[in-house]
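Please read the structure below before turning to the comments.
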Amino acid sequence: MATLLRSKLSNVATSVSNKSQAKMSGMFARMGFQAATDEEAVGFAHCDDLDMEHRQGLQMDILKSEGSEDGAEPPLEGDIHYQRDGTGPLPPSASKEAGVCSELSGQGKPKITAWEAGWNVTNAIQGMFVLGLPYAILHGGYLGLFLIIFAAVVCCYTGKILIACLYEENEDGEIVRVRDSYVDIANACCAPRFPTLGGRIVNVAQIIELVMTCILYVVVSGNLMYNSFPNLPVSQKSWSIIATAVLLPCAFLKNLKAVSKFSLLCTLAHFVINILVIAYCLSRARDWAWDKVKFYIDVKKFPISIGIIVFSYTSQIFLPSLEGNMQNPKEFHCMMNWTHIAACILKGLFALVAYLTWADETKEVITDNLPSTIRAVVNIFLVAKALLSYPLPFFAAVEVLERSLFQDGNRAFFPNCYGGDGRLKSWGLTLRCALVVFTLLMAIYVPHFALLMGLTGSLTGAGLCFLLPSLFHLKLLWRKLLWHHVFFDVAIFVIGGICSVSGFIHSLEGLIEAFRTNAED
């Protein structure tokens, strides 16, 4: 009997693991690693959820297996529904798909190469928000350019030490992977006193960054459309409302299959737009204002530039899942080196060339400086990209909120927003619509791309990229660290903390001032 029970439990665990791995491979492999090609790489939100889904699904399946042994009747075929939290059985068609995916899972599960992993990281740190980097050079001069290089070096290092926190040495002296996500690392650091505190902190930071990213997409859409058609009697706020009306169907999203197909196409289009901007700047190389680039900083606005630069390098949260899906994880360090070197060079050149072209007239979104004939075409493509990119962070934020507040078992703060058949309840849909409207209200009252980007980078970007990785590295591996690693970690924590606090305060002051100005208008 004991042997039979162990066999069943093993089969159940294998089945649930295969389902979880199949979803992961669906994100990175079956979709051609398209779900992570958005510049914010919001696929990381699902990576943390998959681990929770794996554990909950395993527990529920075991309970169902025990119930079957006790003589409980299996559910009728007509009553079988797919449960959103992964705790229910699959319908026949879905079971067939899961069976096919399971064959691809396990030992034969598709893995991504170092080049494919590098493609994901490159798109995460060289996305749409590089359009704000020339504005950072405007307020920082050569120091802003140095900060682009410095941020690349630090983010590359913290990405590596974050992955190091996933591994520990076993009794045989072998290095084995014992954790799967950023949340697991955070929880391990807070155990045993507060075993879930670290994960909750990471989740809150993740939600803030995702929601702020959605707000930035609405802001940039309204800004680009307003500057593309200045002769139309439509204000920037009105364009933002129109953009939100187009985005409202995002509240009905059940999965990202429909939107993820456009991710790679949007990213390629964005690279083409960057090339067009640089080509135009090079055509005006004779008029470049080298004398405008100085070794000075705008004390009031440069801290905001720090947040802008840091935000453009955020990728740490999805790195654990990316490294776990590589064919050869030993190539991770090399991949991080060449992706961040390439990002550093391209970002530095783009920011410097664009600033030299327009100097003191550089705007928050650099495409607004283009001639009207070119600007309209380029901005329309950028608006399309922003609107197609919005569902990714929105859906990821919804997933985290629903799991944290409504689906976390006995620890949930509110009743489950899904019915017994797995369908979203009406009040749950209302909350989703409210989240879309909230992003609109923020975009209307604070329509400042640079301020919002700087605030997000200073608050969550610096925390997730600088502070937490260095702190976790010291906490988990301090006994095995060499003195120079300890020095680097402490220095990064201190410098990152100073930059984060400074940038947050100045960005918040600008945000409050802008909010008051718009409220008066």
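Placed from the backbone N, Cα and C atoms, the Cβ positions cover glycine too.
Marked as domain 'Amino acid transporter transmembrane' by TrEMBL: 111-507. Taken from TrEMBL, the feature transmembrane segment applies to 143-167, 207-226, 262-282, 302-322, 334-356, 376-401, 429-446, 452-474, 486-505.
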For the transmembrane segment (452-474) and the transmembrane segment (143-167), check the count of CB pairs under 8 Å (sequence separation 6 or more) and say whether it reaches 3 or more.
yes
Among 143-167, 302-322, 334-356, 376-401, 429-446, point out the range having the most Cβ pairs under 8 angstroms from the transmembrane segment (207-226).
376-401
Out of 143-167, 302-322, 429-446, which stretch touches the transmembrane segment (486-505) the most, going by CB pairs under 8 Å?
302-322
